[in-house]
Amino acid sequence: MRTLGAMAVMLVVMGTAIFLPFLLRSRDILGGKTMTSHVISVVETSQLLVDNAVYNTMKRNLKKRGVLSPAQLLSFSKLPESTSGAISRAAEIMETSIQVMKREQSQFSTDALSADILATIANLSGCLPFMLPPRCPDTCLANKYRPITGVCNNRDHPRWGASNTALARWLPPVYEDGFSQPRGWNPNFLYHGFPLPPVREVTRHLIQVSNEAVTEDDQYSDFLPVWGQYIDHDIALTPQSTSTAAFWGGVDCQLTCENQNPCFPIQLPSNSSRTTACLPFYRSSAACGTGDQGALFGNLSAANPRQQMNGLTSFLDASTVYGSSPGVEKQLRNWSSSAGLLRVNTLHLDSGRAYLPFASAACAPEPGAPHANRTPCFLAGDGRASEVPALAAVHTLWLREHNRLATAFKAINTHWSANTAYQEARKVVGALHQIITMRDYIPKILGPDAFRQYVGPYEGYNPTVNPTVSNVFSTAAFRFGHATVHPLVRRLNTDFQDHTELPRLQLHDVFFRPWRLIQEGGLDPIVRGLLARPAKLQVQEQLMNEELTERLFVLSNVGTLDLASLNLQRGRDHGLPGYNEWREFCGLSRLDTGAELNKAIANRSMVNKIMELYKHADNIDVWLGGLAEKFLPGARTGPLFACIIGKQMKALRDGDRFWWENSHVFTDAQRQELEKHSLPRVICDNTGLTRVPVDAFRIGKFPQDFESCEEIPSMDLRLWRETFPQDDKCVFPEKVDNGNFVHCEESGKLVLVYSCFHGYKLQGQEQVTCTQNGWDSEPPVCKDVNECADLTHPPCHSSAKCKNTKGSFQCVCTDPYMLGEDEKTCIDSGRLPRASWVSIALGALLIGGLASLSWTVICRWTHADKKSTLLITERVTMESGFRKSQESGISPQKAEVQDAEQEPAYGSRVLLCE
């Protein structure tokens, strides 16, 4: 009995020893003390994982600064600006932190994690500032000009439509783990009993067509798809992951065919002729607080699956011209201009007209051009401006139009500040983007019936409408335009015929080649080709030409990309529900059988191929299903995409407080003038063309379908003249150091609203009002912001030193490190430091000097008892040659040669020891 008792006591002691630490740790975790420190440790570890992956990405890019691969060009085209990049990084740190904690679920009770812990993770990762609602300014200016970021367009929902916020979800996403893993992530995951077909197989069997087999559109010009691409770049950009390497393990996404976040490679069939088994693909960045970031917390997991971010404003606001962040806007403006102009290219002109300025990054080189002479990419409001010359041409048109308008406004209203002229021109350019898109472009895409059904007439601003671009619109529906891209770039002469000196080019010969525009004729030949040559017709069995499926972004023989497969994979990455779910969303019937599918597609051969690949109608990817539908009458889309595009366009219009038709934005007279304007008028005012079609999107023959520019209506800008009297007691300031001001009226009084340039902070009253005694307060001043003092969110990576500059900051590296492409992180350049080269040179000189000294000492010591002579042999030889020539009568040259046979090191100037 005593033995049993002793054993029981021992078991209790052992059990206590084993379980007490865990119980104590659990108590501390539940209490918050240990858990908080553990969370800090996890976030710090995750930050290292993410930053190391980003660092390795930039280091690889630095080593590959020659001809870029297609995957690198795609990453470059989707490179986020600094604010988007910071949010993407924060989201990835937060998501990685949650993944670490998920692996520890066996140790911790996930239900015990509180909202405080979530806030701690969000704050430490850097996500929290982007999740909090912003403060909306309460000045008269807030109703006069739209903010560059779109924030506070809707004052009740300040982030609706703003840049760097999540894309809207019209249906819940479908992820294989319920909150983050894409469709097709797990090879053994079945949908209705079948795996999803590889996207490359879908491309090969259903989408791809040879360049020669395309059918041309007999109604619409090549300007139609180019405008669609341009407008898409105004309202949506989904940044890719900031890293092209896996966060766990750091493997390069271009070198692996395994799914390791953010790598989600496109698998190739086993019989593919390519040397690799897959094409690289990088997942889109998650928006802060979504996906894995929310799944661990019971109160968020059901409502907060992974969302993707839109780096641009959702609004039709000409962000292609002005950017979607203060940093980009600062780069684009000409701050020395008193008329509020945009920057232009200082190196090149197009027959006296401006080009876009250059960005710091080099684009694809001209053949044979030395590395130092490579033409940089163009700098515009959107980073994709250099993708193709046609897109760059449209960007350039609007740069010129802004400067034309701003110059005219300043001449009409000489009292306007530079900022007022800039904002008024920006306001008009934004309105023209809205008019051309909604009046001239969208009705052609939807057809008249669908336009009336889904868009209808404007009935005023509706603050309950969310204008945020939806995920399905950006990732699927509006990508219908890829099926209308022609494989050729046509450049025409002044008679609108093929240019003898500028032959047609295949699309892959113009990707990221701005030198084609600058050195080969400028804008005019490109614009003529867009106006007078047809677009590709979207035919069901000719959906996408091989320039896009086999040669996308190809600059050399190093790899390729496939746009169709990218679109399908992106839809799966974003968790878009299938084709039938979206038909049901739009009030259309589900199509469950091949016979039912044929009613919507009207092509039995294509239906059979679809069912053979997907096995079940509910498995069909929404982009393919919408693309395959037969057109509605007078449209260029089928019923599903007409519904999605129509709903989105109505939301963009009705949910925009600054829509041009809203009563407070323009006067009645100004709206009438704006309605007169058109894309052909913009072309007339900003190119050398003298004849244009009345509708830039309709294909026509020259000259019968073209009108003289004198016949194309234009706006009367005198309607923007301000006539209100200025009180002598309230004189406008001539300038504001490091800032600007605009004026407006509030309760019948003149008000000046001040703002500072990006990088400066306002000190004093933002708004001053004119009273009977003059301005009611002193004007504020703009003080430099010391970004380097921000220790919570330092502007530079820890590898770099932050140096404050006026209005900005600079990240500085120590030799031999150099700044990476984010201009914030120091990357090993792979060369020796300059100091090392200096040390090597000094060392060589020192060794040489010591050797010479040693040689002299040795010579003198060894010949101390002999006659030591230092000979400069060249001189001695010449002297002996002259002596011998005198004695023997031979020439000095011959005597010199004879001596040379006897003298050591003939001709040397080295001092020798004899």
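Backbone N, Cα and C define each Cβ position, glycine as well.
Swiss-Prot lists 728-783 with the feature domain 'Sushi', giving sequence analysis as the kind of evidence. Break the domain 'Sushi' (728-783) down by DSSP state and the numbers are 0 helix, 30 strand, 26 coil.
What Swiss-Prot lists as domain 'EGF-like' is 784-827, and the listing cites sequence analysis.
Sequence-distant contacts of N123 (N-linked glycosylation site), defined as residues of its own chain at least six apart whose C-beta falls under 8 angstroms from its C-beta, are absent. The annotation N-linked glycosylation site is assigned in Swiss-Prot to N123 (among others).
Summarising the annotation, Swiss-Prot assigns N-linked glycosylation site to N271 (among others) and lists sequence analysis as the type of evidence. Residue density at N271 (N-linked glycosylation site): 5 other Cβ atoms are found within 10 A of its Cβ, drawing on all protein chains shown.
The N-linked glycosylation site annotation in Swiss-Prot covers N299 (among others), and the record cites sequence analysis as its basis.
Annotation source Swiss-Prot lists N-linked glycosylation site at N334 (among others). N334 (N-linked glycosylation site) carries neither a helix nor a strand DSSP state and counts as coil.
The N-linked glycosylation site annotation in Swiss-Prot covers N603 (among others). Secondary structure at N603 (N-linked glycosylation site), as computed by DSSP, is coil. Remark: N603 (N-linked glycosylation site) has Q540, E541, A628, K630 as non-local neighbours, by Cβ distance under 8 Å and separation of at least 6 in sequence.
Positions annotated as region 'Disordered' by Swiss-Prot: 882-907.
The signal peptide annotation in Swiss-Prot covers 1-31, and the record cites sequence analysis as its basis.
The feature transmembrane segment is assigned by Swiss-Prot to 835-859, with sequence analysis given as support.
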*Distance between N271 (N-linked glycosylation site) and N334 (N-linked glycosylation site) at the Cα atoms, whole Å?*
55
*Give the sequence-ordered list of residues that share a chain with N334 (N-linked glycosylation site), lie 6 or more positions from it, and have CB atoms under 8 Å from its CB.*
L341, L342, R343, V344
_I want to verify one value. Collapsing DSSP to three states, which class is N271 (N-linked glycosylation site)?_
coil
*Pull the DSSP breakdown for the domain 'EGF-like' (784-827) and write it out as helix, strand, coil residue counts.*
3 helix, 16 strand, 25 coil
